[in-house]
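Feature list (source: TrEMBL):
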- N109, H114, E119: oxalate binding site (BINDING)
- H112, H114, E119, H164: Mn(2+) binding site (BINDING)
- C33-C50: disulfide bond (DISULFID)
- 64-218: domain 'Cupin type-1' (DOMAIN)
- 1-23: signal peptide (SIGNAL)
Amino acid sequence: MTMAFRFHIAAAILALVFTSVHASDPSPLQDFCVAVPDANAGVFVNGKICQDPKLVKPEDFFFQGLNKPGSTSNPLGSNVTAVNVNQIPGLNTLGVSLARLDFAPYGLNPPHTHPRATEILVVLEGTLLVGFVTSNPGMNMKNKLFTKVLNPGDVFVFPEGLIHFQFNQGHSNAVAFAALSSQNPGVITIANAVFGSNPPIYPDVLTKAFQVDKNVIKYLQSQFWWDNHYYP
């Protein structure tokens, strides 16, 4: 086999590999998509079915009310008013959404992730302590916390899928706005998901995971885990 022939074979293999890489699945916009065995079933995978352009109206791209504070009278002392494709149908396929965050003094938006979006946050009023934690770095290494105190006009970015939080450490109310790189970013509040799932996660699993007594796990699972997200 000549060197030139080997080169052509290698080039052909590389071409096939790169073709396969570029032919990957699109990023999902829902938590899961169970396959339907009926080939004639009308199912969609990403986003929502599109409206006939002739029927589209200005209201499909419009939302009002983010000038109004959300209620922070809950155990967390915070409220997230989300505006995504469910509130503005015109966001469908555009890959962006918005949220208003209100905090009472010492209010907390607890550790959570957005599985489908990066978040960029700007503080309008008050002082917020914010941060995110990196994914698992490797054997015998700890997840790294990136944290910052934000004042009005300050901006902070939370990378897609990473656990993050915002805490009002001031004596007055705080307000922030966030943009997210998905029409439907999703949210997983860590404590709610781990200790408030239905049915509950088997206590022995959590006892081993958190290295605490089983009674501690049962106590945490018996609490009411508040959801501070509001969808108008």
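Using N, Cα and C of the backbone, Cβ positions are placed for all residues, glycine too.
Quantities reported herein were computed from a predicted structural model and do not represent experimental measurements.
Spatially close to N109 (oxalate binding site) yet at least six residues away along the chain are L76, S78, V80, L101, F103, F165, Q166, F167, N228, judged by Cβ distances under 8 angstroms. Note: the CA-CA distance between E119 (oxalate binding site) and C50 (disulfide bond) rounds to 26 Å. Between the CA atoms of C50 (disulfide bond) and H114 (oxalate binding site) there is a gap of 25 Å. Cα-Cα distance from H114 (oxalate binding site) to H164 (Mn(2+) binding site): 9 Å (rounded to the nearest whole number). A simple way to gauge crowding: the CB of H114 (oxalate binding site) has 24 other CB atoms within 10 angstroms, across all the protein chains here. Listed in sequence order, I163, H164, F165, V187, I188, T189, I190 are the same-chain residues six or more apart from H112 (Mn(2+) binding site) with CB atoms under 8 A from its CB.
Excluding H112, H114, E119, H164 themselves, the residues of that chain whose CB lies within 8 A of the CB mean position for the Mn(2+) site are, in sequence, T113, A117, F132, F158, L162, I163, P185, V187.
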